[in-house]
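The following features are taken from Swiss-Prot:
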type	residues	note
TOPO_DOM	3-31	topological domain 'Cytoplasmic'
TOPO_DOM	53-1065	topological domain 'Extracellular'
DOMAIN	155-192	domain 'LDL-receptor class A'
DISULFID	Cys156-Cys168	disulfide bond
DISULFID	Cys163-Cys182	disulfide bond
DISULFID	Cys176-Cys191	disulfide bond
DOMAIN	205-438	domain 'Peptidase S1 1'
DISULFID	Cys230-Cys246	disulfide bond
ACT_SITE	His245	active site, charge relay system
ACT_SITE	Asp294	active site, charge relay system
DISULFID	Cys328-Cys395	disulfide bond
DISULFID	Cys360-Cys374	disulfide bond
ACT_SITE	Ser389	active site, charge relay system
REGION	445-500	region 'Disordered'
DOMAIN	506-738	domain 'Peptidase S1 2'
DISULFID	Cys531-Cys547	disulfide bond
ACT_SITE	His546	active site, charge relay system
CARBOHYD	Asn549	N-linked glycosylation site
ACT_SITE	Asp594	active site, charge relay system
DISULFID	Cys628-Cys695	disulfide bond
CARBOHYD	Asn640	N-linked glycosylation site
DISULFID	Cys660-Cys674	disulfide bond
CARBOHYD	Asn665	N-linked glycosylation site
DISULFID	Cys685-Cys714	disulfide bond
ACT_SITE	Ser689	active site, charge relay system
REGION	740-762	region 'Disordered'
REGION	788-814	region 'Disordered'
CARBOHYD	Asn792	N-linked glycosylation site
DOMAIN	834-1064	domain 'Peptidase S1 3'
DISULFID	Cys860-Cys876	disulfide bond
DISULFID	Cys986-Cys1000	disulfide bond
Amino acid sequence: MEPTAPDLQLVPEVTKAVSVSAPDPGPCRTAVIAVVGISMAIVTLGVLSAFFSAQGAHVEHIAELHGIRFTSSLQQENSDFYRLLTHALQTLLHFLLRALQPLSLKQEADILQKGIQARLQEQGLSLAAYGTIVSVELTGRCEGPVTERDLKSGHCPGNVFSCQNGQCVSKENPECDDRVDCSDESDEAQCDCGWQPAWRSAGRIVGGVEAAPGEFPWQVSLRENHEHFCGATIIGARWLVSAAHCFNEFQDPAQWAAQAGSVHLSGSEASAVRTRVLRIAKHPAYDADTADFDVAVLELARPLPFGRYVQPACLPAATHVFPPGKKCLISGWGYLKEDFLVKPEVLQKATVELLDQSLCSSLYGHSLTDRMVCAGYLDGKVDSCQGDSGGPLVCEEPSGRFFLAGIVSWGIGCAEARRPGVYTRVTRLRDWILEVTSAADMPVVPTATPAPATPSTPWPTSPESWAPNTFAKPTAAPSPVPLHPSTTAKPQECGARPAMDKPTRIVGGISAVSGEVPWQASLKEGPRHFCGATVVGDRWLLSAAHCFNHTKVEQVQAHLGTVSLLGVGGSPVKLGLRRVALHPRYNPGILDFDVALLELAQPLVFNKYIQPVCLPLAIHKFPVGRKCMISGWGNMQEGNATKPDILQKASVGIIEQKMCGALYNFSLTDRMLCAGFLEGRVDSCQGDSGGPLACEETPGVFYLAGIVSWGIGCAQAKKPGVYARITRLKDWILKAMSSDPSSMARPHTSSTRLIPSEPPKTTAAGLIIPEATTSRLATPRATIRVTTRPLNTTLSARSTTTRGQTAAPSAPGTTIHSHLPDCGLAPPGALTRIVGGSAASLGEWPWQVSLWLRRREHRCGAVLVAERWLLSAAHCFDIYGDPMQWAAFLGTPFLSSTEGQLERVARIYRHPFYNIYTLDYDVALLELAGPVRRSRLVRPICLPGPARPPDGARCVITGWGSLREGGSMARQLQKAAVRVLSEQTCRRFYPVQISSRMLCAGFPQGGVDSCSGDAGGPLACREPSGQWVLTGVTSWGYGCGRPHFPGVYTRVAAVLGWIGQNIQE
């Protein structure tokens, strides 16, 4: 095995500032780095070469130079300095000194200085012109030649941030985080950019959702001969970045134009801007076979007019860290599915997760390089696709600014399982990008000779023409050398979203709009608002325990669905409280365990104005500096008892626990959390107590980090607000939700409760939330390749019809039979040996229907309930709502069979109360164009009576969905037996998401479940008479077959009235 050299630093004695560990003799020798030139270096190289040729040693390392003041001209990879220095270092890094005596520091410095000087003097270059080398260090062994790695220059090693004055800052991502880390304040000097937008929600590009105007102001559509061909990102008034492979075929800038400021490809908005592309610079090391260095810089013919809808994204520092697991955003006008059938007119957006590099590399046969980064999900479903190439992968940092982490590059298919998207890693190529944009007189790297004037093909005919060969061996090419930020790209303006409202303060703050904080509740005793509360379920609110020190519960009412204390606007709801549970360890003296769980007298109906916030996991981390939102109707300034009529909102930062304790001269407990600003100005105040501190963890999804508890004054300097920390209290919250009422009810009228020494507080905060906030665990069981998370989707033009506004079910005494007299009859023995799933036989489940999209592929299941009526899941039609796109295939368990009946769908009726976010009322009726031909293979199932099925009832689920989580779909109908779980058990597994229209079925240990592609299919239970009744419709679940996460089904008995009304009409 080849020995590895320890780290070595060569420092001249006169500037010795770093301790140097002397190398030990023996097998593990210190490697001496020297850059040797013509004169004195030739002798040194000769000696070393002769010695090492005999030893046969070989080692490769990353080298870092310290102390040279590199200018932009040195960053050109075709410059003499860069080329000679790189070659010289590479030459000597292949030697490992194993037998020589250690050199003195002066000898090491002399060899280094004279070697480089001689090498450069040969070419007429002077080292003195560029500074004095302070040190060179080996940062560890690496695979591949040094020219394929990062040869970094500057004062600071590794991923340490370098201030403009040379100070090194070891803090991760210090730039633009609203905290000064450099003594010259250079880390915060150009950061007036990228504030939090007023509205945003997550979705998908493949099967995705539309972006709002101004939501992605850095997004550009690149037009080749007037057709959208690729995406690009604005980084300066005259500069865009895109993918180099976009210009493999069309290389003449005259063929290209850029459209910005519009979410519509037609550019119909007044804000749309079009300009010509003046020149295209592809990275000189770009490899079309491996897609390595897949980046291009485009100069525009005229500068873009920055405004509300046109803004640049922030370029990250070379040391910027985007950790695996971070949620980021992709956007583009690429195809909505892999087979090129759908191209959106409106810009699509999606949330993806950054993946571990080693993991992603293993998925792609280890063909990834350091210039690539992966994002997506291992189970597929969300991805960029053809036409999105060159577009942005942007990540929001705690400061609220958006940084360009990647450029859409390549992938296998679109949204396929275990085939995430691959993006060009911007941090590795940032310095080359800035080199191009800052060198105004630098000749652009040729993209190729101009193409002849032949007719172009605007759209590729196959995915392969978009995806470079991903398995070719990458070629070695030197990485760019880091460069100090250039001002040409106007970083002070980057990342902004001025079309969106910006957050402000609660004390002296701004008003929220209807639906902006849909989880906010006002607790009133008579007409008086006294505390806030937060919706965490359809029957549950959270508030502060101290709110009930002197409060009579029976006199309290919760007001929701409106931002007005007077109940004006929105969808106001007023409900009494059934019971209140204070934490058993609540301490009114120090306000420890300051949390209360409130059960409403009746369940809420979620809509766009009333939504629950997500509860975080107990292990969830809300890092210091994270900007979160507070909201409430509390006092707008300290000492002023006047409360606002309109809900107030503000943004506050999470504060380090020990620092907060020091500010209060009080040891905060683990159940407390501080948020605000050390200089004050923004805070919650009296009347905000019990309200939410909500943090947006993924775009559009807010988690409850804290409950407004206490503080000294309101918005005073060095006295931030203190909140009850939800992660430390969640176990009790969940236990209280699922416990018996008698075990949690406590009297709250005792006069022995003490008022806190400092008045309780309330809050108001800013950062708009889209309406999709909860049900993050809910994975709708619909399509396998396109849309599988409709709870976060919206639809621009739906053709589905809503009928029957009567939601109350009828109350038949027994099973409701369909119009055909022999409903629910199946061959005997249908339940034998099916636990764990097995293939169904012909005629075994004659009511099972496969819904085909465009008569091309199975998308969802359905159930025959009458001669011309099917029942399915409403979320199956979130994206594709036009009944003309759907067909019903029934009468066979084989998807490839030619024997079944194929019927056209005439109309689709989704339940009028269907909630796209929570999947409540997730049911739809499909009317066929004509009645089905009844036979032993085609027969309707019976509808159930109003009663719930008995707990533990053994029922059957069927479908063609995935055979395992993330796997492929079945070609033959599958069946499995599951147990119906009690409502209490179901709520224990899903404490927030379960409504009275849902039921759970499965096994606590997992193993048997419905999965993607089964949505809309039946949960059928057999009655003693032998008839089968439709108990549930497959809706959603967390994963497939996971322990403690059973499948969730729409309870058919809860929507019988609506079904009967439509079928009768």
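Placed from the backbone N, Cα and C atoms, the Cβ positions cover glycine too.
Known features from Swiss-Prot, placed on the structure.
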residue	record	contacts (Cβ under 8 Å, 6+ apart)
Cys246	disulfide bond	Leu222, Phe229, Cys230, Ala296, Ser389, Gly390
Cys328	disulfide bond	Phe322, Thr351, Val352, Glu353, Leu354, Ala375, Leu393, Val394, Cys395, Glu396, Ala405, Gly406
Asp594	active site, charge relay system	Ala544, Ala545, His546, His583, Tyr586, Arg671, Ile707, Ser709, Trp710, Ala724
Cys660	disulfide bond	Leu668, Cys674, Pro720, Val722
Asn665	N-linked glycosylation site	none
Those recorded positions of Cys163, Cys182, Ser689 having Cα within 10 angstroms of Cys547 (disulfide bond) = Ser689
Position of peak Cβ density within 10 Å, selected from the active-site residues His245, His546 = His546
Distance, Cys531 (disulfide bond) to Cys168 (disulfide bond) (CA atoms, angstrom) = 47
Select the closest residue to Cys695 (disulfide bond) from the following recorded positions, measuring between CA atoms: His245, Cys860, Cys986, Cys1000.
-> Cys986
Looking only at Cβ atoms, how many others are within 10 Å of the one on Asp294 (active site, charge relay system)?
-> 31
Select one residue from Cys168, Cys531, Cys674: among these disulfide-bonded residues, choose the one with the most other Cβ atoms within 10 Å of its Cβ.
-> Cys531
Just counting, how many other CB atoms are there within 10 A of the CB of Cys230 (disulfide bond)?
-> 28
Fewest other Cβ within 10 angstroms of its own Cβ, chosen from the disulfide-bonded residues Cys163, Cys360, Cys628, Cys695, Cys1000 | Cys163
Using DSSP reduced to three states, classify Cys246 (disulfide bond) as helix, strand or coil.
-> helix
Same-chain residues at least 6 positions away from Cys182 (disulfide bond) with a Cβ under 8 Å from its Cβ, in sequence order, are Cys163, Gln164, Asn165, Gln167, Val169, Pro174, Glu188
CA-CA, which of the active-site residues His245, Asp294, Ser689 lies nearest Cys360 (disulfide bond)?
-> Asp294
Which of Ser389, Asn549, Ser689, the listed recorded positions, has fewest other Cβ atoms within 10 Å = Asn549
Round to the nearest Å and give the CA-to-CA distance linking Cys986 (disulfide bond) with His245 (active site, charge relay system).
-> 50
